[in-house]
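S.K.: Pasting a structure below so you can have a look.
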Amino acid sequence: MTTREFDDITLERVREHVWEIAPEGEMEVPARVLASEALLEEIGDDDSLQQLKNAAHLPGMQKYALAMPDAHQGYGFPVGGVGAIDAEDGCISPGAVGFDINCGVRMLRTPLTYDDVRGREEELVDALFDAVPSGLGGGGVVEGSRDAVDGALERGVEWALEEGYATEYDLKHCEDEGRRPDAKPEYVPKKAKDRGMNQMGSLGSGNHFLEVQRVTDTFDDGVADAYGLREGEIVVLIHCGSRGLGHQICSNYVRKIEQEHGELLDRLPDKDLAAAPAGSALAEEYYGAMCAAVNFAWVNRQLITHRTRETLADVFDAVDTDDVELLYDVAHNIAKRETHEVDGEQRELFVHRKGATRAFPAGRAEVPAAYRDVGQPVIIPGSMGAGSYVLKGGDRSLSETFGSTAHGAGRLMSRTQAKQEFWGGDVQDDLAEQEHIYVKANSGATIAEEAPGVYKDIDEVVRVSGDLGIGDKVARTFPVCNIKG
DNA sequence: ATGTGC
């Protein structure tokens, strides 16, 4: 029997890439880490294994608390964590969704090839940087109003369509068609709405970015065709979330839940996991508010899409706004009511994915019609020096991970440590000179915090996902230019 | 992630 130990935590190897922590104390279920030995060493380096054990204490957790191959330490619940919790007898935990509700990514196809863009990267990066609001604080693509925020919270991308910022095609190619029907804007605190008002269509800061990329490889021609991806073509990746609005919802509800559900809190090893019992008023209110923030984040990415279309049409004579099509949009931080098979019966669950991507295979009803025969696109960004992947939902994802896989490369070190190791200006110069990647940011500190060297190996993360059969690679991209907060 | 502390 192969085991690995990190401090006082022992993991037993179940099979290749599957490591299990046996239940002890009040753990409801075992914890499982899905990783190669090399990735496990990195995951064991921070607090994420202890956090995963803590997560396994959440009442109603089904099968096992899961860590994806890109897992790292988060607030309470690890980033790269999946927790499927009974929606009737269990609970819902804001910390297991994350502060940035529906932080996620979308990919746009363009009619451009790399040859069209080569030599014009700096003009393009400047145009995008000027057009797309980024950084901390206010100012978005549209001037916000109370009605605009309420429309976005209630109807998501449908609101954007009514307002002329989206197409019918966009709706059909977004997770949940860009609208969570469970949204309850009345449970979104006024303060959250106020913060969101002047952030509608803005990237924010941290690891959020807009990146122009070229497709360097396709691995599964049938599926790459279905996704409309061809080698040499230019795509755009937009990574951002619900800004201050989602953050305010999370912090408000964590505080309320801590105050009202102390008896549940006492059963948990970390108060940052604070959870509302299923069926309680606060569980319903948080879930409704969280779903509304999910809609808001989809609108945020939609408004940035709109501005990106205008910018590409301005810069390139050959591009019309209609030519820039949405491939797909996926949430990376979300909890959803989903039905999954557990012990031979269908159960209604709150599937918490925090830094994890839904990866439903062909046939599952939630996959949009355009992709239902091949499986949903799974978009996984790497660092700004490494490129990204498009996967398809894997056949084993439903039985192994409640239909989930990784969401990115995963950090290797803290932001503080990153700033000690790297200097933003040097990172920017090296990327331009050595890799022909043109980065523009509001602050050098952000570039240092997001330097390629602070991330795990995206190729290794994707390899493990494919080996496990939870998400299979379809295409790889490489950065051309990148704007960020 | 975040009007970057409670």
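Here the Cβ of each residue, glycine as well, is placed from N, Cα and C on the backbone.
What TrEMBL shows for this protein is this:
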type	residues	note
BINDING	A:D100, A:H208	Mn(2+) 1 binding site
COMPBIAS	A:176-196	compositional bias 'Basic and acidic residues'
REGION	A:176-197	region 'Disordered'
BINDING	A:207-211, A:332-333, A:381-384, A:S388, A:407-410, A:K484	GMP binding site
BINDING	A:H239, A:H332	Mn(2+) 2 binding site
ACT_SITE	A:H407	active site, GMP-histidine intermediate
S.K.: Tell me the Cα distance separating A:H208 (Mn(2+) 1 binding site) from A:H239 (Mn(2+) 2 binding site), rounded to the nearest angstrom.
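M.R.: That comes out at 5 Å between the alpha carbons.
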S.K.: Need the DSSP three-state call for A:H407 (GMP binding site) to compare against my parser.
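M.R.: Reduced to three states, the DSSP call for A:H407 (GMP binding site) is coil.
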S.K.: Can you name the residues of this chain that are 6 or more positions from A:H208 (Mn(2+) 1 binding site) yet have a C-beta less than 8 Å from its C-beta?
M.R.: A:C103, A:S134, A:H239, A:C240, A:G241, A:K484, A:G485
S.K.: If I restrict to non-local contacts, at least six residues apart, and a C-beta distance under 8 angstroms, what lies near A:S383 (GMP binding site) in its own chain?
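M.R.: For A:S383 (GMP binding site), the qualifying residues are A:A409, A:E450, A:A451, A:P452, A:V454, A:Y455, A:I458.
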S.K.: May I ask for the distance between A:N333 (GMP binding site) and A:D100 (Mn(2+) 1 binding site), taken between their Cα atoms and rounded to an integer number of Å?
M.R.: 7
S.K.: Compute the C-alpha separation of A:N207 (GMP binding site) from A:D100 (Mn(2+) 1 binding site), stating it in Å without decimals.
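M.R.: With the alpha carbons as reference points, the distance is 12 Å.
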S.K.: Tell me which of the binding-site residues A:N207, A:N333 sits in the most Cβ-dense spot, judged by other Cβ atoms within 10 Å.
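M.R.: Per the Cβ count, the most surrounded site is A:N333.
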S.K.: Identify which of the binding-site residues A:H239, A:H332 has its Cβ surrounded by the largest number of other Cβ atoms within 10 Å, counting every protein chain shown.
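M.R.: The most densely surrounded of these binding-site residues is A:H332.
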S.K.: Check each residue in the chain of A:H407 (GMP binding site) that is at least six apart in sequence and keep those whose C-beta is under 8 Å from its C-beta; list them in sequence order.
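M.R.: Correct list: A:M68, A:D70, A:G80, A:H332, A:G355, A:A356, A:T357, A:I380.
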S.K.: Give the distance between the Cα atoms of A:L210 (GMP binding site) and A:D100 (Mn(2+) 1 binding site), rounded to the nearest whole Å.
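M.R.: Cα of A:L210 (GMP binding site) to Cα of A:D100 (Mn(2+) 1 binding site) measures 17 Å after rounding.
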S.K.: Sorted by position, what residues of the same chain at least six away from A:G410 (GMP binding site) have a C-beta under 8 A from it?
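M.R.: Spatial neighbours, sequence-distant, of A:G410 (GMP binding site): A:E42, A:P69, A:D70, A:A71, A:H72, A:V79, A:G80, A:G355, A:Y455, A:K456, A:V461.
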S.K.: For A:D100 (Mn(2+) 1 binding site), what residues in its own chain, 6 or more apart in sequence, show a Cβ-Cβ distance under 8 Å?
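M.R.: Looking at Cβ-Cβ distances below 8 Å from A:D100 (Mn(2+) 1 binding site), excluding near sequence neighbours, one finds A:G241, A:S242, A:G246, A:H247, A:N333.
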